[in-house]
Amino acid sequence: MSAAGVPAELNNLGAPITATTQNPSGLANSQVTSGPVSSATQHDEHRSSAGNTLADEEDDKAVEAEKAEAIDAAGDGKQKRLPADSSEDIVAELEPHHVSVHRGKEEFAALERKYSNLSQRSQHELHRPTTRHSVRSSFSRKDRVVSRLTQDDAEKAKEGEGEFNLVEVLRSGRENQDEAGIKRKAVGVVWEDHEVIGAGGMRINIRNFSSAIIEQFMMPAIKVLGIFGFNPFAPKPKAILHPSSGLLKPGEMCLVLGRPEAGCTTFLKTITNQRAGYMEINGNVEYAGVGWKEMRKRYAGEVVYNQEDDDHLPTLTVAQTIRFALATKTPKKKIPGVSAKQFQDDMLDLLLSMLNIKHTANTIVGNAFVRGVSGGERKRVSIAEMFCSGATVCSWDNSTRGLDASTALDYAKSLRLLTDIMGQTTFVSLYQAGEGIYDQFDKVLVLNEGHVAYFGPAKEARQYMIGLGYRDLPRQTTADYLSGCTDVNERRFADGRDATNVPATPEEMGQAYRESEICARMTREREEYKHLMAEDATARENFKQAVLEQKHKGVGKKSPYTVSFLQQVFIIFKRQLRLKFQDHFGISTGFATSIIIALIVGSVYFRLPETASGAFTRGGLLFLGLLFNALTSFSELPSQMLGRSVLYRQNEYRFYRPAAFALAAVLADVPYNASVIFLFSIVLYFMGGLYSSGGAFFMFFLFVFLTFMVMSAFFRTLGVATSDYNVAARLASVLISFMVTYTGYMIPVQRMKRWLFWIFYLNPLSYGYEAIFANEFSRISLTCDSSYTIPRNIPEAGITGYPDTLGPNQMCSIFGSTPGDPNVSGSDYMAVGYSYYKAHIWRNFGILLGFFTFFMFLQMLFIEVLEQGAKHFSINVYKKEDKDLKAKNERLAERREAFRAGELEQDLSELKMRPEPFTWEGLSYTVPVPGGHRQLLNDIYGYVKPGSLTALMGASGAGKTTLLDVLASRKNIGVVEGDILMNGRPIGTDFQRGCAYAEQQDTHEWTTTVREALQYSAYLRQPQHVPKQEKDDYVEDIIELLELQELADAMIGFPNYGLSVEARKRVTIGVELAAKPELLLFLDEPTSGLDGQSAYNIVRFLKKLCAAGQKILCTIHQPNALLFQSFDRLLLLQRGGECVYFGDIGPDSKVLIDYLERNGAEVPHDANPAEFMLEAIGAGSRKRIGSDWGEKWRNSPEFAEVKREIQELKAEALAKPIEEKSNRTEYATSFLFQLKTVLHRTNVALWRNADYQWTRLFAHLAIGLIVTLTFLQLDNSVQSLQYRVFAIFFATVLPALILAQIEPQYIMSRMTFNREASSKMYSSTVFALTQLLSEMPYSLGCAVSFFLLLYYGVGFPYASSRAGYFFLMILVTEVYAVTLGQAVAALSPTILIAALFNPFLLVLFSIFCGVTAPPPTLPYFWRKWMWPLDPFTRLISGLVSTVLQDQEVVCKDGEYQVFPAPSGQTCQQWAGAFAEAVGGYINNPDSTGDCQFCQYRSGQAFFVPLEISFSTRWRDFGIFICYVVFNILVLLIAARFLKWQRR
């Protein structure tokens, strides 16, 4: 195997070398062989049924030589046509829209430049070969060399040093496969009567808080009805794709076109067996004669779908992402002498080189929230990953979104090349496909609302539509023309034709196609292929044999996976380890959090004495040590659910079984979690003074870690068992509350209510706690110190007659003590008090292992059986229509028909623009980077005149968005140099308000409807004096303009639950247009993600705005020639932020073309100037034409003219008097108007955010109910006295639940605010106040529900003064938690950082409030300042004193402390004075035998020693209010000064 033949096993990652082409008749296919064929028999096996064959092998070689010569000629820039009379039916002349494999091969030389871009070899090469003849063990006798990339590839490769010959690599791979006897995979796709039925037929209203509650209680009834086949809420079936048939042969590419909602995505998914989410799929789909069911079961990884969004694990590098995919798909059968690692290294090198992303190999992939590679590079990672799947049938959904024109063409040609040489069968849907892209396809499928309007040869599609009666639009690209014919607003009929005599409706177009000659031809071709597959099973058997040869040992013949289950586990295990240990921030914060918490807890319980006073606190220390680590595992729940989309896609590629992922993920977490828990245990254990021995410590660590693993498995299981995070969170809140309550710490098992004690035995925490409790107490003996001796001396009360040491008539007041014995065995203490026994330790170990095994089994079962992140088609939900909305929608419908008929046009005459020129001179922008600074923009000049539309274009990463941000004053980091002037003067405070900026990211308040989003923009950004009705009318005009009539009342939502990508983009533009910007309109990629017609509509409207006097600066990625011609002026940037052209485009781009040609770039007559200019300056992966274009621009007369024009514009502007306007303020509206409007929107948003509020209320109800059932109607016993305090302590749990919800909500809302604040819609103070005020109604509702359940359920005092105070404290607790959460969120840049504050705050507040560690037991350091500073101290103090004041206490049997009276004395005489002094009583004062002492007579006796006073409860209330006020001040200040938006 040669160096160029690195991927000799490409057959195992692709399909056969043969490439299917069509002869002029379109009926038959012929095969192009990319490498020598080993035998005539093998050659015949790949022969087309209707195509001609080569006479013999010599003829074959001759043709191959001619093709190679043609390729070489093309590489030299010459044109050499293959013989027209060759046996492969290669036509001599190619028609304008003709697509053939051979013309693609003539362009291979260009692809060699475009996909290599490699630098000269350096000492940092990834592989060893450095000379043309260096050979590795895996190379064949043909020593071709694949040049290697270095970190400087992107720049050096432009100079053409070391070209990467992709054709040679792929062909060599084929030759080596044949030599090794590796079978080829050739799979044609046949679909017949293929029909897809989805949900539809009913308008779904927006869910809100009330409907969520109703659903919760109605859902059980609905499910029961569903069992009997009756569901009134079931969606009605709707045909998404109507029956259609077709064939795509191996080596063919099909372009799928259609307007949004035409069914393109549905076709791509279902044709590749992605059937989840649809109600019904009818018809038949076969793959080389293999039925879709068998294909799904045994060969699922051979038929794959690539979604539009690029969803990867963001913290893995590009190389790691691709290498992982390769590892799971490395075939067993490879070229002799090639190891698995060599194969993976070579394939990785090939893919990085081929896709020109080698310079990003060690850069993390990133996503919308994690900074990584660019969007275009991320798209290429998706392409590489899908290629690694080795699939033979691939479908790509809008894969060029976000790519510039040159890169998009590169991508299309790469698919063409891979399809040709690898024999893949490829379906692609694209928006805005240029002519160069369209020419790569063999066939095209045009869909119109699910009906097939055309399926056949791509070269004949345009003429077919013209033949139907549609007018030819020569300036439109073929792809746009075809999809435009399905759009009633865009299509044009030929002269003398109209909708009455031309197939116009979807049904009519479908019928016309079915009756056409092309359809008949496609039918014959399909039947011939089916007949061939039925008669000759060679292709099918070769495919099955090739798949079988890939499988490793341990993989079943019927399994769709390549490597065994254990191999999958190992591969995933390594990936998860990398994920964990590459997250340096997460690791460091995890260790820091754990150690700091351990230090705090350990210092509170520092060196606990082995005495009676240390018994309860020792149990508290053990409980906290176990509970903290166990609940830390809760983080597994969101992480399990967030990774579903990647898991689902990679499982669809059949990289691994989901169960393998479940097992590997758990194993990979062990090293990190064990290390964290070990350090935590060391600090806590030895600081707390627990039993000092190695065996005791490691037993403690073992059970803490094992309990953590059990809880981790439990939360993972919960995550895979539920489809919605909010549902999982609600379940978790209930289960965690039960687990914590029934651990055995607060309530020993023998004292639990009989109807709930069984929870203790189903609770993993109880077994872990008993084990560490028994491990500790079985090793120690407790000495009774004086404060626990009964009776004892109390000098301050004048009681001094008792022995100084415990005598025979005294006892220790702890469990397990006996009269006269000063020592209490730890075993007796835990046996009597908790029913814990040392003998249970290893029993509990086995039980915990059983729990772990059970949860892991359930997790692996659920993750295999239940759908994990399956993508369903998007649905829209609508605001319920009232009378006003109905009238507006009827008016929109009427006007829509008038617009279609050409009777109406948008009236822009009322727009008021300020005719002021906008100029910039010498503009540079520099940002700080590690180790120095980086210049992103370099000395740029330009201007925008009133009434002009200026395009800003350039390569990805050239600085287009950066320039827009700088010009729009959106940057808040770095240094901007140069002058930015409006009307010849520095920009003023009203500049940002007077400009509109449609950003590339479509960031909106997701709960608003389209109409509401536009209305809020109009209300807050248009001057306040403009009447509301006028603003509303203008919003309706914008809705018409953007063709959003049917979506006007649809909620914006988020992907798969709301508007589609292209509709969301139109809303983004509409929001900015609704502001009626007076100064300038900036748009960043307004047409990205839109189909050609939508893009043209947007640009057409921008032209209308310009005609009304607007100034517009707009970046654009993939304009076709017609779209490009709509712009007046162009600003072109090259990499490095340098301007290479600024000036007029001219009619037919004449001015721009003249400039390019004068500087050495000859523009082909049929080229799209927008694409060619990018290639000329090296914007794509092709080498630039000529020398530095930036230097050429700076030395050009055009540049000098630009500077002169800028000076003229400035002089003219300065000569005019300044027009003073009263509304030139920072904000368009007053503070109160902003507050009122934004508060209304936020209230609506929270009301519609149903799951957010319902989850919060549900948690309060659940905890309140659990506490009530646990402590139901407590009596007046000592035990009940303590339980009252524990019940009150549950009020401190509420802030933990609230913080977990409030912080993400605030931070996500802040993202929307940051976008809107950039446009000066409203102030940060308004944002913070509305976020706070809108939460208050829900805080009140939660407080009422929790109070009613807790207060009256437990049986607290009924007096209104007590109940009223208790409710006020609960209400303030709710408000405090909300303000604290929002303050923490305002101080935090991300949700993760905010979440890191929570453990510190909650642990501190809970420990120091006086319940788990009473104030007298706290170390002096903490007791002096932290206990009085703790907000929960005020909460507990106020509630405990209110509930227990004057509470009578009567001991039950078993609660008395029993000790004998001295001979000759009664119990009253012996202990009466003591009992009176400590607030207890003697139950049998006259007895001379055993005395029964009750520790408490009233509630005061319990809380006074804890330094709690009933008289200070209103002071505590006031101090608690002060904490709320403090949080609000922090919130307002942080919101004002901390935007956390680096731009």
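Every residue, even glycine, has its Cβ placed from backbone N, Cα and C.
When the residues N673, N1223 are compared with Swiss-Prot, the one annotated as N-linked glycosylation site is N1223. The stretches the transmembrane segment (670-690) and the transmembrane segment (1254-1274) are not in mutual contact, being linked by fewer than three Cβ pairs under 8 Å (pairs 6 or more apart in sequence). In sequence order, D404, T962, L1133, R1135 are the residues of the same chain, not among G954, A955, S956, G957, A958, G959, K960, T961, whose CB sits within 8 A of the CB centroid for the ATP site. Of N208, N398, N823, all annotated as glycosylation sites, the residue with the shortest Cα distance to K960 (ATP binding site) is N398.
Distance between Cα atoms for N823 (N-linked glycosylation site) and G957 (ATP binding site): 77 Å, as a whole number. The stretches the transmembrane segment (1391-1411) and the transmembrane segment (845-865) are not in mutual contact, being linked by fewer than three Cβ pairs under 8 Å (pairs 6 or more apart in sequence). Under a cutoff of 8 A between CB atoms, and with a sequence separation of 6+ in the same chain, the neighbours of G957 (ATP binding site) are S374, R1135. Highest local Cβ density among the binding-site residues A955, A958 belongs to A958, counted as other Cβ atoms within 10 Å over all protein chains shown.
Within the chain, the transmembrane segment (1254-1274) has long-range Cβ neighbours (under 8 A, six or more residues past its boundaries) at 209, 212-213, 216, 726, 729-730, 733-734, 737-738, 741-742, 747, 752-753, 755-756, 1280, 1283-1284, 1286-1287, 1290, 1293-1294, 1297-1298, 1301, 1338, 1341-1342, 1345-1346, 1348-1350, 1353-1355. Distance from the CA of N208 (N-linked glycosylation site) to the CA of T961 (ATP binding site) is 37 Å. Ranking the recorded positions N208, N398, N823, S956, T961 by the number of CB atoms within 10 A of their own CB puts N398 at the top. Here the transmembrane segment (1366-1386) has long-range neighbours at 1291, 1294-1295, 1298-1299, 1301-1304, 1306-1307, 1310, 1328, 1331-1332, 1335-1336, 1339-1340, 1342-1344, 1346-1347, 1350-1351, 1356, 1394, 1397-1398, 1401, 1431, 1435, 1438-1439, 1442-1443, 1517, 1520-1521, 1523-1524, 1527-1528, 1530-1531, 1534-1535, 1538, meaning same-chain residues at least 6 beyond its ends whose C-beta is under 8 angstroms from one of its own. Using a cut-off of 8 Å between Cβ atoms, the transmembrane segment (727-747) and the transmembrane segment (1517-1537) share fewer than three residue pairs, counting only pairs 6 or more apart in sequence. Within its own chain, the transmembrane segment (1285-1305) is flanked in space by residues 733, 737, 746-747, 1249, 1252, 1255-1256, 1259-1260, 1263, 1267, 1270-1271, 1274, 1335, 1342, 1346, 1350, 1354, 1369-1370, 1373-1374, 1376-1378, 1380-1382, 1384-1385, 1388, 1391, 1394-1395, 1398, 1401-1402, 1405-1406, 1409, 1411, 1432, 1435-1436, 1439-1440, 1443-1444, 1502, which lie at least six positions past its ends and keep a Cβ under 8 Å from the stretch. Taking Cβ-Cβ distances under 8 Å and a sequence separation of 6 or more, the neighbours of G954 (ATP binding site) in its chain are D404, K960, L1132, L1133, Q1134, R1135, L1174, A1179. The Cβ neighbour count for G959 (ATP binding site), using a 10 Å radius over every protein chain in view, is 25.
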